[in-house]
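Engineer: Take a look at what TrEMBL says about it:
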DOMAIN    29-303  domain 'Plant heme peroxidase family profile'
DISULFID  CYS39-CYS114  disulfide bond
SITE      ARG66  site 'Transition state stabilizer'
ACT_SITE  HIS70  active site, proton acceptor
BINDING   ASP71, GLY76, ASP78, SER80  Ca(2+) 1 binding site
DISULFID  CYS72-CYS77  disulfide bond
DISULFID  CYS120-CYS299  disulfide bond
BINDING   PRO160  substrate binding site
BINDING   THR192, ASP226, THR229, ASP234  Ca(2+) 2 binding site
DISULFID  CYS198-CYS215  disulfide bond
Amino acid sequence: MKMATSTRCIAALVISSMLLVSASAATAGLSADFHAASCPQLESIVRAAVQSARAANVQVTAGLLRIFFHDCLPEGCDASILLEPELSTGPNQSLQKNAVDLIESIRAKVHAACGPTVSCADIIALSTRDAVSLSGGPTFAMPLGRTDSLEGADDVSMLPGPGSSVDALLTLFNTRALSDPADLVALSGGHTVGKASCDFIRNNDDFTRSLTRQCNASPSKKTSLDTITPDVFDNKYFVALKARHGVFVSDQGLADHPRTSGLVTTFAANQTAFFAQFAKSFVKMGSIPGPKGEIRRNCFRPNSRLEMDAGSFGAVADE
């Protein structure tokens, strides 16, 4: 009887969470059926493209997650990440190129089928959601209706690094309407499919010193942030943190901080709870509004630049 009651409570909490997420997205002017009339085949096009990309390189899931986070945190989810100078600034220089190119490839397919009705920002959100699902993670509705920024952000200094303290991360997330510590912990769970260069390993105990030695022996290879099931989106990242096998300072800190350690314990023991919170927090992050923009006809250039380039080509042809 107690187990049945507990199951009903968890289900009620999940439903309540998703209702709150839907309300938040509606406030941001987004809805899951935003493109239902203008591009009914949108989700099938995106999912097929992501599935094909994962078949060629399973690490595209981590690449898309990083693009999504780096796009949304500075100034909202507006695909500014794909414009210069933002794309080549600071930590964005190491974004996975095949994941960046995948966004534009999907945009071209979607616009060929439906016309320029879907933003690059919506494609980033959908493709990342699908990559998570196809990697074994949760399946959930993604509110849509974002527009694309007219220019890239000049300042990405707020993007957190692998050596960030939990206090600094909580403060940053709070400024982005992600004030629940569960948002930080669940979204950090995206590292379950991530990898890191040798220089970012925390290297301050026997486990990480051993990782550093192995990594330095083959510096072209990266270290998995989930040392148990590195290519599967699951809760083993949190299991590793409980065993003090976190790779980043920012990861292992979650298991030690008084505001986050209990969540790490919960998610390590209960994958369903992690998946429910990840879906909720992912949609919350995806609902951070960017400045009012446009539907780009090329994800790497604002439409004004495309028109200017077309005019220049026309002038050369006329001569």
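Cβ from N, Cα, C; glycine included.
Keep in mind that this is a model prediction, so the values were computed, not measured.
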Engineer: A 10 Å Cβ contact count, applied to the disulfide-bonded residues CYS39, CYS114, CYS120, CYS198: which residue has the minimum?
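Structural biologist: CYS114, out of the disulfide-bonded residues CYS39, CYS114, CYS120, CYS198, has the fewest neighbouring Cβ atoms within 10 Å.
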Engineer: Note the Cβ centroid of ASP71, GLY76, ASP78, SER80, the recorded Ca(2+) 1 site, then list each other residue of that chain whose Cβ lies within 8 Å of it, in sequence.
Structural biologist: CYS72, PRO74, GLU75, CYS77, ALA79, ILE81, ALA121, SER149, ALA153, GLY290
Engineer: Inside 10 Å of the Cβ of CYS299 (disulfide bond), count up the other Cβ atoms and send me the figure.
Structural biologist: 23
Engineer: Which has the fewest other Cβ atoms within 10 Å: ASP71, ASP78, ASP234, the binding-site residues listed?
Structural biologist: ASP234
Engineer: Could you check which of the recorded positions (HIS70, SER80, PRO160, ASP226) sits closest to CYS299 (disulfide bond), going Cα to Cα?
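Structural biologist: With Cα distances computed to CYS299 (disulfide bond), the winner among HIS70, SER80, PRO160, ASP226 is SER80.
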Engineer: Any idea what the Cα distance is from GLY76 (Ca(2+) 1 binding site) over to PRO160 (substrate binding site), rounded to a whole Å?
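Structural biologist: For GLY76 (Ca(2+) 1 binding site) versus PRO160 (substrate binding site), the Cα atoms are 15 Å apart.
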Engineer: Determine the mean pLDDT over the domain 'Plant heme peroxidase family profile' (29-303), rounding to the nearest whole number.
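Structural biologist: Looking only at the domain 'Plant heme peroxidase family profile' (29-303), pLDDT averages out to 96.
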